[in-house]
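What Swiss-Prot records for this protein:
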DISULFID  Cys3-Cys24  disulfide bond
DISULFID  Cys6-Cys11  disulfide bond
DISULFID  Cys17-Cys39  disulfide bond
DISULFID  Cys43-Cys55  disulfide bond
DISULFID  Cys56-Cys61  disulfide bond
Amino acid sequence: MECYRCGVSGCHLKITCSAEETFCYKWLNKISNERWLGCAKTCTEIDTWNVYNKCCTTNLCNT
């Protein structure tokens, strides 16, 4: 599986996940508007007043 990942040029770098990493995630700090994207072995979806985290299991779904 591939996911987008944040890098020096923004969050557009595509990476291939390891066999153990079955989730793509998109994590957003709602206060600072910073975001992180990548692969994960486990993932918990969160939507609170200050944090949003989306998990997905298909290629390049964390845009």
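Cβ coordinates come from backbone N, Cα and C, glycine included.
Rounded to the nearest whole angstrom, the C-alpha distance between Cys39 (disulfide bond) and Cys61 (disulfide bond) is 11. Of all the Cβ atoms in the protein chains shown, 17 others lie within 10 Å of the Cβ of Cys61 (disulfide bond). Among the disulfide-bonded residues Cys3, Cys6, Cys11, Cys24, the ones whose Cα sits within 10 Å of the Cα of Cys55 (disulfide bond) are Cys24, in sequence order. Cβ neighbour density within 10 Å is lowest for Cys11 among the disulfide-bonded residues Cys11, Cys24, Cys39. Residue density at Cys56 (disulfide bond): 17 other Cβ atoms are found within 10 A of its Cβ, drawing on all protein chains shown. The Cβ neighbour count for Cys6 (disulfide bond), using a 10 Å radius over every protein chain in view, is 16.
Once Cβ contacts within 10 Å are tallied over all protein chains shown, the disulfide-bonded residues Cys3, Cys17, Cys43, Cys55 are led by Cys3. Inclusion criterion for the disulfide-bonded residues Cys3, Cys24, Cys43, Cys61: a C-alpha placed within 10 angstroms of the C-alpha of Cys17 (disulfide bond); this criterion is met by Cys3, Cys24. Here the candidates are the disulfide-bonded residues Cys3, Cys24, Cys56, Cys61. The one whose C-alpha lies nearest to that of Cys11 (disulfide bond) is Cys3. Relative to Cys43 (disulfide bond), the disulfide-bonded residues with Cα atoms inside 10 Å are Cys24, Cys56, the candidates having been Cys3, Cys6, Cys24, Cys56, Cys61.
Recorded residues Cys24 (disulfide bond) and Cys56 (disulfide bond) have their alpha carbons 5 Å apart, per Cα-Cα distance. In the three-state DSSP scheme, Cys6 (disulfide bond) falls into the strand class.
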